[in-house]
Amino acid sequence: GEGACCNNCDFICGRAGFSRCRCLDLVTKCHPSCSNCEMTETPYWPCRYQCLDMDPDDCATP
């Protein structure tokens, strides 16, 4: 997403055939641009969140 920086990306093939990607980073607070933020089941404190937005941008670009 805009302004968000991801270290660990995962490519997911969309139904239309084009690649989309999702950030696998576990963060203490989601970036404001993230619209689908979910708390993860981790033993860490504070809690970790993952942004589940599907971003059509190339994961290699910051």
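The backbone N, Cα and C atoms fix where each Cβ goes, and this holds for glycine too.
Disulfide connectivity taken from Swiss-Prot links Cys34 to one of Cys9, Cys13, Cys47, Cys51, namely Cys51. Using a 10 Å Cβ-Cβ cutoff, Cys23 (disulfide bond) registers 24 neighbours. Separation of the C-alpha atoms of Cys30 (disulfide bond) and Cys51 (disulfide bond): 6 Å, rounded to the nearest whole number. When each of the disulfide-bonded residues Cys21, Cys51 is scored by how many other Cβ atoms sit within 10 Å of its Cβ, Cys21 comes out lowest. Note on proximity: among Cys34, Cys37, Cys51, the disulfide-bonded residues of the record, the Cα nearest Cys23 (disulfide bond) is that of Cys51. If you take the Cα of Cys51 (disulfide bond) and the Cα of Cys6 (disulfide bond), they are about 10 angstrom apart, rounded to a whole number.
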